[in-house]
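Q: According to TrEMBL, the protein has these features:
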- Ser66: active site (ACT_SITE)
- Lys139: active site (ACT_SITE)
- 1-11: compositional bias 'Basic and acidic residues' (COMPBIAS)
- 37-229: domain 'Peptidase S26' (DOMAIN)
- 1-25: region 'Disordered' (REGION)
- 39-61: transmembrane segment (TRANSMEM)
Amino acid sequence: MDEHQPPRDAVPEVPSEPPQRRRRSGPVHRALAALREGVVVVVASVVLSLLVKTFLVQAFFIPSISMENTLLVGDRILVSRLTPGPFDLQRGDIVVFEDPGGWLKPAPQVSRGPVLDAVETALTFVGLLPQTSDQHLVKRVIGLPGDSVACCDEQGRTTVNGAPLTEDFLKPGSIPSQVTFSVVVPPGSIWVEGDNRQNSGDSRFHLGDPGGGMVPVDDVVGRAVVTVWPLDRLTWLSRHAEVFADVPASASTGSGG
């Protein structure tokens, strides 16, 4: 055997791992990797929440008694942004809409400090906190574009296109209206009323406003579909289609009950 030839069973020497690679696999590297993953998860969650809020659903907080007993003060509801849009508004829908102008007093600004205010604003913007209804209203759709809505007939009932309504969604003890009116809903608008009729500043009480009490469809944020909080009030919100089942189509649009 050549004295310069290594033995057959000799194992070649493996170069040791560079010191910098060993350091990267240590606790600091693992902590940085976990931090990166956490940031990615948070960013993805925020983006997803923002997309959901923008295109699908948005949470709102109920601040008033105008929709009792269907909705109570403090309820949290989810609003589908697909109606109006891919899906048409229907009579009986509960909708959240922006103030058409002059329906609400300016909301007082309560500050809890610049940091907390900024955090709350950011979380509300991305949909992680419910939107307060300070500059939004929630009511029930009674009349669609083209509908003739009036109150009251000889039995004290609201009528739509001449058909009287038995409004079983009203708060017990409420009457359909304490004021009389007769209107035709113009194109692109809806007529809305609260379920707590004697405590609801709705279309009836804004007949003298520039918009005549009508709510532009473009101001509608969406249709309230479910109460999610408190948990003991978890329930789907019905449009009570049976109440409007006998309403004939309006003469101008052909929209039936």
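Here the Cβ of each residue, glycine as well, is placed from N, Cα and C on the backbone.
These figures come from a predicted structure and were not determined experimentally.
Help me see these features in their spatial surroundings.
A: In the three-state DSSP scheme, Ser66 (active site) is classed as coil.
For Lys139 (active site), the same-chain residues lying six or more positions away in sequence with a CB closer than 8 A to its CB are Ser66, Met67, Ile94, Val95, Phe97, Val192, Glu193, Gly194, Ser200, Asp202, Ser203, Val215.
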